[in-house]
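Among the features that Swiss-Prot reports, NAD(+) binding site is placed at Tyr117, Gln178, Asn201, with the record citing sequence analysis. The substrate binding site feature in Swiss-Prot is assigned to Thr224, Gln246, His249, His315, Asp348, Glu402, His407. Taken from Swiss-Prot, the feature Zn(2+) binding site applies to Gln246, His249, Asp348, His407. Marked as active site, proton acceptor by Swiss-Prot on the basis of sequence analysis: Glu314, His315.
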Amino acid sequence: MLNAQQFLNQFSLEAPLDESLYPIIRDICQEVKVHGDKALKMYNLTFDHTKTDHLEISHEQIKAAFDTLDEKTKQALQQSYERIKAYQESIKQTNQQLEKSVECYEIYHPLESVGIYVPGGKASYPSTVLMTATLAQVAGVENIVVVTPPQPNGVSQEVLAACYITQVNQVFQVGGAQSIAALTYGTETIPKVDKIVGPGNQFVAYAKKYLFGQVGIDQIAGPTEIALIIDDTADLDAIVYDVFAQAEHDELARTYVISEDAQVLKDLESRITKALPNVDRYDIVSKSIANQHYLIHASNFDDACHVMNTIAPEHASIQTVNPQPYIEKVKYVGALFIGHYSPEVIGDYVAGPSHVLPTNRTARFTNGLSVNDFLTRNTVIHLSKDTFEQIADSAQHIAHVEALYNHQQSILIRQS
């Protein structure tokens, strides 16, 4: 256990990406750019140990995956989809009917094409399809393309069923940096897209960083993380599994628990130690807990909030007797979960907001994925002659001050 100042003194995040990967990523991207599908099939065999004669999964296969899915899973995916869709519709930026007197305003248009990366390494993630493709669908994106790593037994039925529910246009079995390159450049089979979203490993993250500018991206994702503020009213057995749930994603997953009550932290530590040997996915969870788990004793409310805002975690959970004051004070988090019945895991699947959230302190300056990330925003300036005449002198004078005389002349010629 550390006090807040001790934690802050030692707190630092390693660079989210391993710079030594740069030449590997560059070579993969160049290979895909030059050799297209041939390179993708080679990398499927090299990295995923899977021979893929056909990169695209047919619409018939996608529909069959949904049709033959067990009813309980189908209903769960459908409920998640409906909640995500309803929430995203409620926050979507829309074009407003404006009075004729309004001379400057904004209009929104959906992106034409989007690529979605769905991880497929240590687990199957139909939830990622729902938390990304639904947003693109609500935005009105014309062409939604999913890429996901090939598996020896094929792409998981649940992932394909989620693609069917969200009306994804095409699904390709290709993963890693090579899939990001394919979506950026286009190949004989995979279409070039305008933007790529979705979480992935370091190779995926670095490829997105490397190719940004040639294609839009959502973020450079690092290891997943959660920070919780708790007091003596929190259910510590539930907190144990809030911590384990995050830790089971990745050995590098980070978990932080903050409390003003040192005894609560000691009790929690004891329960984690007791439960750990029997936890599912022990190899992953135990490494995360051993290396990336922190118990932090805060001296007061402001101290706890300061620590939380410094961490700027992907997920923040407040489980205290009176969580309301934290809603305004905790400013820099990907998503804020309030109360005993709002565990972070519910946000992973069915709450409504996307689970694609900023990591590695990037919540200090960016936000979680939303429907509005699939829209362009254009400003429209349509001035009347009267308005032009009211402001033209100021504009042409500023142009003169900046010695941009053609700018100035563009205005003067209209005044004459």
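Heads up, the Cβ atoms here are built off N, Cα and C, so glycines get one too.
Location within the structure of each feature annotated in Swiss-Prot.
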residue	record	Cβ within 10 Å
Tyr117	NAD(+) binding site	28
Gln178	NAD(+) binding site	29
Asn201	NAD(+) binding site	17
Thr224	substrate binding site	26
Gln246	substrate binding site	30
His249	substrate binding site	21
Glu314	active site, proton acceptor	29
Asp348	substrate binding site	19
Glu402	substrate binding site	10
His407	substrate binding site	15
**Prompt:** If you draw a 10 Å sphere around the Cβ of His315 (substrate binding site), how many other Cβ atoms fall inside it, taking every protein chain shown into account?
**Reply:** 27
**Message:** Tell me the Cα distance separating Asn201 (NAD(+) binding site) from Asp348 (substrate binding site), rounded to the nearest angstrom.
**Reply:** 18
**Request:** Based on Cα distances to Gln178 (NAD(+) binding site), point out the closest of the binding-site residues Thr224, Glu402, His407.
**Result:** Thr224
**Asked** Rounded to a whole number, what is the top Cα to Cα distance in Å among the residues the record ties to substrate, namely Thr224, Gln246, His249, His315, Asp348, Glu402, His407?
**Response** 56
**Candidate recorded positions Tyr117, Asn201, Glu314, pick with smallest Cα gap to Gln246 (substrate binding site)** = Glu314
**Asked** How many Å lie between the Cα of Thr224 (substrate binding site) and the Cα of Tyr117 (NAD(+) binding site)?
**Response** 16
**Request:** Pop the Cα-Cα gap between His249 (substrate binding site) and Tyr117 (NAD(+) binding site) into the table, whole Å please.
**Result:** 17
**Message:** Between C-alpha atoms, which of these binding-site residues comes nearest to Asn201 (NAD(+) binding site): His249, Glu402, His407?
**Reply:** His249
**Fill in**
Expressed in Å to no decimal places, the gap between the Cα atoms of His407 (substrate binding site) and Glu314 (active site, proton acceptor) is 46
